Structures are given as structure tokens and as C-alpha cells.
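In what follows, a single structure is set out as C-alpha cells and then discussed.
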Amino acid sequence: MQAPSVGGVMLPRGNGQTVRLSRGASLTDFAEKINANPASLVAVMLNLGEMVTATQSVSDETLQLLADEMNYNVEIVSPEEEDRELLESFDIEFGENEGGEEMLVARPPVVTVMGHVDHGKTRLLDAIRKTNVIAGEAGGITQHIGAYQVSTEVNDEERRITFIDTPGHEAFTAMRARGAKSTDIAILVVAANDGVMPQTIEALNHAKAADVPIVVAVNKIDVEGADPTKVRGQLTEYGLVAEEYGGDTMFVDISAKQGLHIDDLLEAVVLTADASLDLRANAEQDAQGIAIEAHLDRGRGAVATVLVQRGTLRVGDTMVAGDAYGRVRAMLDDNGNALEEAGPATPVLVLGLTNVPGAGDNFLVVDEDRTARQIAEKRAARERNAAFAKRTRRVSLEDLDKVLKAGQVQQLNLIIKGDASGSVEALESSLLQLDVGEEVDLRVLHRGVGAVTETDIDLATGSDAIVIGFNVRADGRATQMAEREGVDVRYYSVIYQVIEEIEAALKGMLKPEYEEVELGTAEIREVFRSSKLGNIAGVLIRSGEVKRNTKARLVRDGKVIAENLNIEGLRRFKDDVTEIREGFEGGINLGSYNDIKIDDVIATYEMREKPRG
Ligand code: GDP
């Protein structure tokens, strides 16, 4: 068969072979795999009506489209699969306990607190932490490291529970989006005076999607008007039926503020874990787990809180966490105590990494420094590609022209700086999920942990971006520079506030849409001829009202015979008026349009801006 050509470039053709490509691959990557010239792939895409450059990351659909066209079968490898393969190439298996059943020991459950804003998640996390410090471990300086462990007594036995200390389902979803399963059990906080709210449902759905059992904390029972029974009733509709009603979800009435029934809640968590989960891990293998939170510390360098999921992490171990690696120099628990080792379900602050891993990145201990470095470097390269693919939205060639001409695509560029990688990522992923239609594009040009710097302002200046500082400020010189360059730097400490404002900004950028609203109809009863004004219609207003200077169309026998007319003159008896209402008679002058007959209908309308939903 003759290979087709476009503009003299021979198009590659396959025989249905399978090509494996990583998500976010470019046409050049594809070309390399099939031994073709990247330019020829660009030509194929052009032929398909899309303009794509050779080195740009493209979407799964584009890769698929291209493969179909050239008769290849493409297999797109997800980042998780790819990572598994990467680790396998080093003979490392991630995510499985080594050895058989006999190697497994019980481990504490890991809990995330979720629920609607202001229902008391933060307060509850504080209350739990204060009242249930593990005996003998108090005394240090309490630190928020992103997670903590407490102990509680259940059936005369000391049981430990690990809490992820960043409340809200944003963090939970951000981690899950990266394929990390951090949480065994979710506590769903519902304020008894407020009841089930939108974010309650969202949180519940996230937990269900992740197959995580839920314990419901009915909070604020100290407040007047609290109605815990109502909360139980409401949640029944969402499939959470309280045990006392014959269901299998534990509901505990609490007051985070007064510290009421906190122990009952912890007991419910332990009982739920015992009833529905098999929480065991091999404590002896090389440690593996996930990074929960990380930031750059002026004095200590990269500081990461990791949750050990399997094995035991020790000072001196060589570890990789996401694209960071290093030797564990020191470990601290959430009370600031130095630890030598940390077993399954223990959160620890780790010092000694080369840079800051992302929240939800997996970590693992390897034998050699060199292996750690190689894994980290490969991941960093992949991250760069994937991030790029995620942030660029394609406009097809066909649309591009139209769209640019009409000035339809508006773009809001953002630079996000935050105090910790967890919050920055949660923020970014929430923002990228904002849906305000096709016409507006949100791009995160840069994100990072730390203060807003001159480099950020520089980037913002060059690309008209807005800078978001989440729990961070600009350093002195950056502030001056931002003022000088007129860069908008906004500071926030609550995620949903950022989201609300950005969403509003995006909506504001949308071009107004207009819709036609009918104002009134007038039936022509008589036609007067005026030498000065032309034909005047003597009318009876049949519906609504007819106003001067509004648009009109003329309808005869149900057919529109003239459009875009204007009510130029409007009279009642001898007086000029601005409007005539239904049921009244008057005279209408349609300006230079004179083709009017008795029984014609003049329908008037106006264009109104449609509110954006
Ligand atoms: P979050 O947005 O879910 O983290 O909510 P917060 O923990 O910040 O709590 C929101 C507000 O409710 C704060 O003013 C808390 O002090 C208050 N609050 C939380 N729990 C209780 C409670 O049990 N009783 C009362 N009266 N107020 C509470």
C-alpha cells in the first residue's frame, strides 16, 4: 500500500503493533518509539485538524487519535504503573508486605477527619491530641507535623491511633489522586446544629469512593438547637445507617469544644477498624510508606513528615520520597522527641532529604545511595512531563482561529506559593478542577513551597499572572518589586476562600452572554399615513408592554416578515409616551419601515445579559 503523504512528508504506518507511552508523552516520544521523524507526526496531527508541536506533551486522546490514524495500538502507561515498573527495574516491590502471614503484626489505624467547613474538624483534631497524648511522650514541644499518634484504652487494652492532621477532603483527594492510600478510616464530622451540608456529602462520597469505612462524629452537641437525631436521619439517605437503627455505622455525639465523649469516638474508631479491617504489616522489612507533608526549613533544609506503612524506618537509612532522596539524619515525633526508629503507622518528621517531596508521594528505603538518586532523578524527569501535560489544555486548530479572532479564550495564570507541599498540592488540584466552561483557561505556571520571592514576581510580570500566597508572605524585596510591577499578590489561609475568589474571577472574565426577552406584542388595528413620518400603526397592546426605543419584529399570519426594527415613536392620543401597557391602544412608528398592514403583530424584545450560573 502506498503510504499517504501530506505536504511531501511521508506518513508513518504501522501494522497494529502496540506502542507503550507514558502519560503526557510528546509526539517526539512517540516518533522515537516507532522510528519515525517527529515532523511527520506533526503533519499527521495537522491533517487531523490539530496543531501540536513536536515536543509538547499531549493528552491521552491525542495519542490515541494519532495511533489510530497511523495504525498503531497505543498503550498509555499511568504514572503509578510507570513508577511500579521503575522500582521493579531496581528489583524493588512497593506496596506489599514482604514474607508470609507469620511476618505480619497488628498496626494502628490511620484516620483522616473530614466534613463541612466550620463543623469542627480542626477543633476535634486539637481536642483529640490534647487529651490523649501517649503516656511518657509528653513534655517535648508539641509540633504540627501533619500527623500525630494518640493512645486510648479499649477493653482494658492500650490501643494507638494515628491521625492525619490536615483536615478536609482536599488533602485526602489530592493524595488519593496520586494513587496513595493513606487512610484506613474516615471520621466524618457533622455539626449537630447545622446538619448535613454540601461538603459533608462530598467528604462522604470521597471516603466511599476510596472504600474507607466511616465513623460519624456528631459535633457541637453543647450548642443550643443541636439535633443529633436529625443528623442520623439525614445521613441515612446517604447510606450511613447508625448502629442503633440497625445499620453498621457508628455515630458518636461529641463536643470538640468541651471535650465531651472524645474517648467514645476513639473507641468507635478502634472498634470499626477491628470489625472491618485487617490492619497488619511486616515490621521488619525495609520501610515503605507515604509522605504526608513537607516543607523547606531555613535551618534544617528539607523537612518531610512521612507515614511508615510497612517495615521500620531507622536513622541512617537511605530513602527516596517522590523525587527527593537522602540519608535519614534524624527523626522526630510530633512531640519533638528524637526517635531512632519508627514502625508501621507511625508518622515521623524526617531530616536529611535533598529536597521537598510532594504530599502523597511514596517513600521507600533502599540499600544504596546510588539507587536512591537514580530513582529520584527518573521520577523528577517524569513529573516535569506529566505536570506540563496537565497544565496545558489544547485548542484544536479548527477552533483556534475562530477562538482567537473572537478573543474568546481568556487565560488566568496563577503562581501558587504555600507553607507546605500538602496545602499547595491540595490547592492546585482543587483549582484545576474548577469548571467554568471552555472559554476560560486556568493555568498554574508555577507552584512551590516557601515565601513569595523575586523570581515568582518576575515570572508573574512576564506572564500576567496572579500570585497566591497560602500561609506565606512575600519577602521584603519581592513585595517592593510586586508593587513596582503592579503584580497582584494575594494572601490566604483558607483553601475554600482561594477557590471562591478564583472561581469568581474566572466567571468575571467570561464574556457576557445575552438572551432575548420578549417585552410585549401589539396588534395593528389601523394604518395611518403621515407625509412626515411615513406609516403609523394604530395598535392595541395584546401582551406585556411596548416601550420606545426597543427592538421589534413584524409578524404577519404567524410569519416573521421583518426583523431588527426599532420602536422609534410611541404615542397615546396626542402625547409622546415611553411605554404602553397591555390592553391599551396607541400609535407606533417603526421609523423608515413602512410595510405594515392591519392584523400584523409587532413583537418587541430586548437583549438581556444572562446571569452566569
Ligand atoms: P473546621 O472548619 O471544620 O476545621 O471547623 P473548626 O474546628 O475551625 O471549628 C469552627 C468553629 O466551631 C470554631 O469557632 C470552633 O471553636 C467551633 N466549634 C468546634 N467544635 C465545637 C463544639 O463542639 N461546640 C461549639 N460550641 N463550638 C465548636
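Any Cβ shown, glycine's included, is placed from N, Cα and C.
What TrEMBL says about a protein is an automatic prediction, not a curated fact.
Taken from TrEMBL, the feature GTP binding site applies to 115-122, 165-169, 219-222. Residues or ranges marked as domain 'Tr-type G' by TrEMBL: 106-278.
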Which same-chain residues, if any, lie at least 6 apart from ASP118 (GTP binding site) yet have Cβ under 8 Å of it
ALA191, ASP194
Close to ligand 1, in the sense of Cβ under 6 Å, among ASP118, LYS121, THR166, ILE221 as binding-site residues, are ASP118, LYS121
Test of understanding: give the count of other CB atoms lying within 10 angstroms of the CB of LYS121 (GTP binding site).
25
For the domain 'Tr-type G' (106-278), would you mind checking the mean pLDDT of the predicted model?
88
In the chain carrying ILE221 (GTP binding site), residues 6 or more apart in sequence that have Cβ under 8 angstroms from it:
ALA192, PRO228, ASP253, ILE254, SER255, LEU260
Starting from the Cβ of GLY115 (GTP binding site), draw a 10 Å sphere and report how many other Cβ atoms land inside it.
28
Under a three-state DSSP reduction, the secondary structure at ASP118 (GTP binding site) is coil
My understanding is the cutoff is Cβ-Cβ under 8 Å with a sequence separation of 6 or more in the same chain; which residues meet that for THR166 (GTP binding site)?
GLY146, ILE292, GLU293, GLY422, SER423, ALA426
